[in-house]
Amino acid sequence: MARLFSPRQPPSEDLFYETYYSLSQQYPLLLLLLLIVLLGLLALLPVAWASGRELAADPAFLTTVLCALGGFSLLLVLASREQRLQRWTRPLSGLVWAALLALGHSFLFTGGVVSAWDQVSFFLFVIFTVYAMLPLDMRDAITAGVTSSLSHLLVLGLYLGPQPDSRPALLPQLAANAVLFLCGNAAGAYHKALMERALRATFREALSSLHSRRRLDTEKKHQEHLLLSILPAYLAREMKEEIMARLQAGQGSRPESTNNFHSLYVKRHQGVSVLYADIVGFTRLASECSPKELVLMLNELFGKFDQIAKEHECMRIKILGDCYYCVSGLPLSLPDHAINCVRMGLDMCRAIRKLRAATGVDINMRVGVHSGSVLCGVIGLQKWQYDVWSHDVTLANHMEASGVPGRVHITGATLALLAGAYAVEDAAMEHRDPYLRELGEPTYLVIDPWAAEEDEKGTAGGLLSSLEGSKMRPSLLMTRYLESWGAAKPFAHLSHVESPVSTSTPLPEKALSSFSPQWSLDRSRTMRGPDEELDTGDAKFFQVIEQLNSQKQWKQSKDFNPLTLYFREKEMEKEYRLSALPAFKYYAACTFLVFLSNFIIQMLVTNRPPALTITYGITFLLFFLLLFVCFSEHLMKCVLKGPKMLHWLPTLSVLVATRPGLRVALGTATILLVFVMAITSLVFLPATSACPFQAPNMSSMASNLSWELPGSLPLISIPYSMHCCVLGFLSCSLFLHMSFELKLLLLLLWLTASCSIFLHSHAWLSDCLIARLYLGTLDSRPGVLKEPKLMGAVSFFIFFFTLLVLARQNEYYCRLDFLWKKKLRQEQEETETMENLTRLLLENVLPAHVAPQFIGQNRRNEDLYHQSYECVCVLFASVPDFKEFYSESSINHEGLECLRLLNEIIADFDELLSKPKFSGVEKIKTICSTYMAATGLNATSGQDAQQDAEQSCGHLGTMVEFAVALGSKLDVINKHSFNNFRLRVGPLFTTPLVRVKPRTCSGWSDWGPETTI
């Protein structure tokens, strides 16, 4: 039971929880409570009239009822406006409780003789509803419940204490009242604790779902940024769907199509321009740089080129060392693609000229442009890089190689598309390489219209080299100048995108700052203008709180049927009904408390006949057996020390918690057992009997008559049997997760049985008690509030409708809690899938040991990554015959089928990397039909220096084995494709090598003199 009273949450969460708790759960119950009280008061008038009483003959009763109707109507009006006056919630609740308490005391002294059992059921109703239906915290509810109990006991004790000895013994009746009130307080507190625990759990799950949703959105943004940084959108969507399918299927390798070929993501585009650019003199400069300087220099240079490409609608394709190439007209066709590439080439040359002028470093830019058609996409299984292939791409590459530093070299096809936008001059024949000479087509150099103006302006004494050139190395001087360009850091978008929200984050700060005690959910419902619009996080939070509002159970919902509250999805409904219920044992324990209270009351107000004692003894054994089954898991330590034949006992509680059919059967049997034992004392009496107190001339013998019926049953046990029946109603509400339809059936069954017994078959017992109580008085007809059978029936109906409302509310929140838990699990699974997708995508760009630097738990790391290695092996494996094999014709779909074969070759090479013995081999990239890989990159920096040469270079053998395996793979492909490709391999043991990650996302490579070799 101690687990039910969980510790309070941080103040910020409590603030919103109290609002949510009041508005979504307790506020509607407060309205329903006032409505039930008003209907009950209205029902008293027709009941009094139907029983043959003249309302005018009892002005005190009529005045009390009419005043109560007016007072509670006013409270209902105030409560209906409570959404705008939330700070009045608790004062109003206190006012409702005080009004109910005053009404109960008024009923005590209205309509006839005051007895110890008067209005016990009404006070029990007040006590229970204080816990279950008023928006009070547990401490206030306990205070109100105990105060209500003591007020009834003290008032009756003080009033009836001086009464003559001819009245029934007062002390047993007050003790029975105390037991009833104690049971009512315990049941109410238990119900409130369970509901608050469930509500707080639902609230936390809703917040966790909100945080998980934010985290999911963040992961989607991360992987979207990441994927779009290496692939165009149209291709990214297609490949993302395949990766998602692979992750969900749990496959470790890429799924293959039914034709035994790997998926090919290559398309043909016509009407594009290709630009190749190379930094002349950069190789010599890079050899003088430290790893950090080289990384920063490349990042700034290529970052600037990316900015220029974006300005001129060009798509950067790849970086090859210090070579940069891009395409205009992808993925959407552009009419001015040739002009875009020429403008970009001119801007790149200008940027390098400014760099050279400011630093004095002797570097230049050589650019070549050609227009035509390309095949574009990705090949292979790992380290995806968007690339282009075609004869036109090869021609653009040769245009750059044979170009002039500082000039843009274009072909006749590009010139024709410029339409005179730029002046050109013929390129000198000596600049042409053999490939261009073989083609025999004229080429041209674009004249930069701004070149003359820039030469006139010069640097005007602004050279950085003139100020610090003598003090700094050229590489450092250039790095210092490039920092002013402010290029983006690699994967910076992964840091600046809203970071995942921790589940421990309480609530949106703006929501907290804007919260005031009178705030209500109307704020989130009403239409807001642009100036009043909440930010996205706060708006989502308010939407989640709104979804938890219990008033939505009566509206159309995509999740629930508003009438039956069944889930619309049959599978979810089945899952809900079959879900485990560990709290069932607590339901049974609290029901035993109600049963024990009934037993104590019966022992106090009856003469304890042997038959009743034996019946209760048997029932106690049944209850102890039930509790043993429910709590058997707590006896595991004791049972395990005993005989092995008893080791199965702890599994009984697990069976009860996990088997819905068994739970329903035990719960129904427990409630029916309490129902039956509440009226057991009446079973031993005949259904009809002559009442000795209704005989003529009884008034003279009044002082000599006892308060017992024939059969030793005290008359005062009759109203207490009714009170025990009311406790039976309460026992049904203690099973919070019992289905509403079953509760309705049990409550309806018990209402019918109770009314049949006390209004029909055993109604004479109530008449006999009234006859004895009013024996010798002039008015032998008490008011409707004093007649046990009528007041008992009214109490039964009031508790029936009250518990029915609570059962509906409990059913809704049990289902809502299940729904939010399911949503949270689904969102967490989706978030996990997205995280795995992001990790997989990043590891497809970077090695696994480098990826955490950019997308680990700490995404605030924006430093450029660089690492120097002392002992690595670089491998270039090319298929030189593929250049002769590649052709473009209608038969092979303009070269597409040739690339399909190349994709198979690269994919088979990539599959070798998944073998454990090649885990140390890291693929760098593919350049057309050349495969680049390296080993020795997994070692920690400086680790090799601490080991001897033989151990530190042990990975060289792995690279040789890998090269042999590549040849074997190619032989298999030759056999199946009827080709005779040869593999040319060039492994090189290098020392040192610098591994760097430049610019803003999709470039990862090795730089160093040995790589160039």
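Just so you know, glycine gets a Cβ as well, placed from its N, Cα and C.
Annotated in TrEMBL:
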DOMAIN    273-400  domain 'Guanylate cyclase'
DOMAIN    873-986  domain 'Guanylate cyclase'
TRANSMEM  29-49  transmembrane segment
TRANSMEM  61-80  transmembrane segment
TRANSMEM  92-110  transmembrane segment
TRANSMEM  116-134  transmembrane segment
TRANSMEM  141-161  transmembrane segment
TRANSMEM  173-190  transmembrane segment
TRANSMEM  586-605  transmembrane segment
TRANSMEM  611-631  transmembrane segment
TRANSMEM  669-695  transmembrane segment
TRANSMEM  715-737  transmembrane segment
TRANSMEM  744-765  transmembrane segment
TRANSMEM  790-807  transmembrane segment
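As a quick check, the transmembrane segment (586-605) and the transmembrane segment (61-80) miss the bar of 3 or more Cβ pairs under 8 A, pairs 6 or more apart, so the two do not touch. Helix first, then strand, then coil: DSSP counts for the domain 'Guanylate cyclase' (273-400) stand at 59 helix, 39 strand, 30 coil.
Counted over residue pairs separated by six or more positions, the transmembrane segment (141-161) shares at least 3 Cβ pairs under 8 angstroms with the transmembrane segment (116-134), which defines the two as touching.
A contact links the transmembrane segment (29-49) to the transmembrane segment (92-110), because at least 3 Cβ pairs that are 6 or more residues apart lie under 8 A. Beyond the ends of the transmembrane segment (61-80), by six or more residues, the same chain brings 27, 30-31, 34-35, 37-38, 41-42, 44-45, 48, 55, 88, 92, 95-96, 99, 103, 106-107, 110-111, 783-785 to within a C-beta distance below 8 angstroms of the stretch. Nonlocal intrachain contacts for the transmembrane segment (92-110), taken as residues 6+ away from its ends with a CB within less than 8 angstroms of a stretch CB, comprise 30, 33-34, 37, 58, 60-61, 64, 68, 71-72, 75, 78-79, 82, 118-119, 122-123, 126, 129-130, 134-136, 144, 147-148, 151-152, 155-156, 783, 785.
For the transmembrane segment (611-631), the residues of the chain that approach it from at least six positions outside its boundaries are 584-585, 588-589, 592, 595, 599, 602, 652-653, 656, 666, 670, 673, 677, 680-681, 684, judged by C-beta separation under 8 angstroms. Secondary structure of the domain 'Guanylate cyclase' (873-986) per DSSP, as helix, strand and coil residue counts: 55 helix, 22 strand, 37 coil.
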